[in-house]
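Novice: Summarising the annotation, TrEMBL assigns ATP binding site to 190-194, H254, R298, 349-353, 377-382. TrEMBL lists 75-157 with the feature domain 'Phosphagen kinase N-terminal'. Annotation source TrEMBL lists domain 'Phosphagen kinase C-terminal' at 187-424.
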Amino acid sequence: MHSSRLQTEKNKSSKACFSFFESAQVVTFSRQFPRHLGYIRSFNEQIISITASAPRRSIRLFTTKMTATPEVQKSVEEIFTKLQGAADCNSLLKKHLTKDVVAKNKSKRTRLGATLLDVIQSGGENLDSGVGIYAPDAESYTLFADLFNPVIEEYHNGFKATDTQPAMDLGEKNVGDLADLDPEGKFIVSTRIRCGRSLQGYPFNPCLSETNYKMMESRMKDIFSSITDPELKGTYYPLTGMDEETKKKLIADHFLFKEGDRFLKAANANRYWPNGRGIFHNEKKTFLVWVNEEDHLRIISMQNGGNVGEVLGRLIKGLNLVAAKAPFARHPRLGWLTFCPTNLGTTVRASVHIKLPKISAKDDFKKICSDMKLQIRGIHGEHSESKEGIYDISNKQRLGLTEYQAVRQMYDGVKKLIELEKAAA
């Protein structure tokens, strides 16, 4: 199949991914340039010239415009043909990867070396994907906009190419409005709010080098070790070299993330595993940060019960602490950027694990949730099934609304579901 045949091609592309490229044709490397000269020597065929400025210890790269190889273009065409012939495939990729989109984009390549194949490969291999595309770097959202824009518009409730993500509003002034949804503890098992963040100056998984992963991890370890807030301070656990006792403890707490599933693997997101990956959690186990799982950072606040206000307040405090020391990548139109186009804008996913045995048994349960812009998952995450009538219910919309509005979407929807469950008793 095309994925195995293209492993060499993918390796070449990944090595060409400089973490300092953005959108300019001319790129400046500042003080740290000596440690990156190995990359430059390896790919000098893509560089027209290098000029060095000794006093400033910087170099400037003038890059050529790259295009996808004929082999990559052929594989894109093969995926298109495969998708069109798959009657049981209903992904957004299949719907929006038209013949015209393929023709216009199959030869394109970002300055980090990402191609349309990198974008669509996961959905091409996993025909049961709901979406089927990933962004290998920030530029992909612009370069391959012919595909990303319609997918984003359909998934994110009609967010058009002319729309712009609102300014950030975490809801600091509104936390008190989010009263406990289930004070008697009859329905909600736990509440969790998380957001994804990408560090400025680094691409996403397929374009990250092993050095990139380790540099980001080192940066976050410094931040974690500097936390003094008694509610947030804790311990960082690197996946590399983790002993069995620590592993068992993290598994028991449901904190340990595993190597990416088949969808992420096909997107080339598991490279150099487990290097540069790890988990931080506070002493009370209510604030977590996953480092280099699917995204650079997953920042999480959680606790038992349905007190959404407490969970959000803690997330805001932790997020602001990290952001003050590690600037995040934000797009002027799409908001906060991450690897998956379903997780743009706010990147906020506010969720509860909730017992809804009566209304979940009804045929229109999924429609009820969809009408309230809620997403249903099993308790073990995406692509998992419900267990014992317990569901993971969250806001579906991430883009085109503020962070607080995303949380409120979940809050109001879950409040209504509890009312319906009580009425069905």
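Note: Cβ is positioned from N, Cα and C throughout, glycine not excepted.
No curator has checked TrEMBL annotations; they are predicted automatically.
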Novice: Within the domain 'Phosphagen kinase N-terminal' (75-157), count helix residues (DSSP H, G, I), strand residues (E, B) and coil residues, in that order.
Specialist: 47 helix, 3 strand, 33 coil
Novice: Within 10 Å of each Cβ, count the other Cβ atoms, then let me know which of the binding-site residues R298, R377 comes out lowest.
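Specialist: Output over binding-site residues R298, R377: least Cβ neighbours within 10 Å is R377.
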Novice: Relative to the Cβ of S351 (ATP binding site), which residues of the same chain, six or more apart in sequence, are found under 8 Å away?
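Specialist: For S351 (ATP binding site), the qualifying residues are T191, R192, I193, R377, D392, I393, S394, N395, M410.
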Novice: Please work out the number of neighbouring Cβ atoms within 10 Å of the Cβ of S190 (ATP binding site), leaving out its own Cβ.
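Specialist: Other Cβ atoms found within 10 Å: 18.
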